[in-house]
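What TrEMBL says about this protein:
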TRANSMEM  A:66-83  transmembrane segment
TRANSMEM  A:89-108  transmembrane segment
TRANSMEM  A:115-137  transmembrane segment
TRANSMEM  A:166-184  transmembrane segment
TRANSMEM  A:214-235  transmembrane segment
TRANSMEM  A:295-315  transmembrane segment
């Protein structure tokens, strides 16, 4: 079996950016002389990368999911309240948190597709609903505590042959990333991109646009719940844990060269965008740049990346280093699954 | 939320226009240069600083073992004109918010204190939900509720001042506690010693425990809140003459994940951190975990009196101190109201002791059966019904 890496369009630039940042880290920080430093970075970036993968599904199919940050907070707060330090409750609470993410995604998707409310508005509404509900429920002060078993996924590590100690979150991330990449290579994944590119064409060729959109939101909600489990594990209970994450995830996706409005971009690039963002912030911190600049940096990235994308294919064509097959702009094919 | 997007647009526009160097001045404080010689914070007030530091050593008046009834250097005022014997009181309370664990523990303690006094027949509480405008209308509506006394915990100082003055004008005794107002019209203003003493407690501890030239990381929640600014102003003052190297002053937004990342970054960047100062202890556990996860010893650290931190402190044998902003102060306004209604003297400014928890007495404050975010200094252990309502 001959396998060669096929990079989807838009993946190369972000990988170059990521490589430069990693080289920068190696120069700036003594901790990055050995693999453990990068593993720590990957561990910290894992929740954002998972969120970015979820956000990618929604954005590439032509929508937005602004509710993921509030969903992460809700997941952590609910888990802490229900587990309340008892180890035996861990397993079913994890399932419940995942189910909650699924449910929120389902509601987002149904309102978007059936009631025809723009996803920007639906998920903004969901953000406010979740924020308000969490506040009402907790009074701003989360109660309860997470068990060690719950926190293991975000905090602990497992012995892997050859690699040594690998954080759980990194393994979870890799599993999700591989699954997402395979999914996007398949028929459903391609149809999802096609929906973002040209909805009418997909509909006319027999694709189930609503079902695909719904799937994107459900995946985003589910992955936000996974991110909540990792983040809650990483740092414990907090009612601020999800603040601003939706925006970070969107920045990451855009940085990965995914077109806002959908129809173009790869999921690996979106995850790489998230890792680049985290690497960039780590680098800025190592260089002694204040954390207050983070939001400014995010703003610049989003403007520059969107401007670059909207310059048009002509400029991109000239900027492109090597010709590449476009696997996304083919005539849309019907969903095969 | 939309605000975030607006922020992004503005921040982006600023950066694009090349104005990014105008961003907040902590860019200079965090840019690697030591801040110990930084100019004094505009929140620093030498007179008040000296006064608070002196209060720490002053001997409180009042019953032993009941710090919520004690007072430091009181200047008693006569309250005979408010005397209203006979009981059957309606006590009214305008609360700024119950939106954090500190206020929740305090509010529960206050409710239990009210239950201790049968002469209070009605306890009317309006929660302003951290909104100034709501609290202003709350206070106005309380003046029509036939209150025997009005307790106010102001949301912000300047904005609530006129509303408090209006309440005073109705002739009902007004009691202010926690945050203050810019008027002397309340019968009494109840508060612990204050932010300078809190900040100094932590900074002095680090000065003592960290070797000269050691690297100290200062973690703050957010800028611009006077209580928190006072804590940092005092710490900054002490660090300035300490020979300690303050390698960073960072804002955590009170977020555990952000705190953990910041501390992890500093451990990487500096190689070693010898002390951590915090302006509030809510994220102290996250800071400790960052050291544990990095596989290095946890250095001297300043926390607060929340159970999760105290337990970790005892379990791991940390070198730590916990200045407190005691939640038992929520008991005092109720006690003060009854004193006033009996015509007994109360201090014009009721300054409560502000104890700190040290390695010597931390074990006394660990309560294994209480929730992790419970504040130990609640003065509530002997109240009937403990620990039920605080769980």
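In case you wondered, yes, glycine gets a Cβ from its N, Cα and C as well.
Any TrEMBL annotation is an automated prediction that lacks curation.
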Dominant neighbour of the transmembrane segment (A:166-184) in A:66-83, A:89-108, A:214-235, by Cβ pairs under 8 Å: A:214-235
Residues from the same chain, set at least six apart from the ends of the transmembrane segment (A:89-108), whose C-beta lies under 8 A from its own: 65, 67, 71, 74-75, 78-79, 82-83, 119, 122-123, 126, 130, 147, 149-150, 214, 217-226, 228-229
Surrounding residues of the transmembrane segment (A:66-83) on its own chain - C-beta under 8 Å, 6+ positions past either end: 47, 51, 54-55, 89-90, 93-94, 96-97, 100-101, 104, 108, 120, 123-124, 126-128, 130-131, 133-134, 137-138, 142-147, 150, 220-221, 224-225, 227-229, 231-232, 237-247, 249
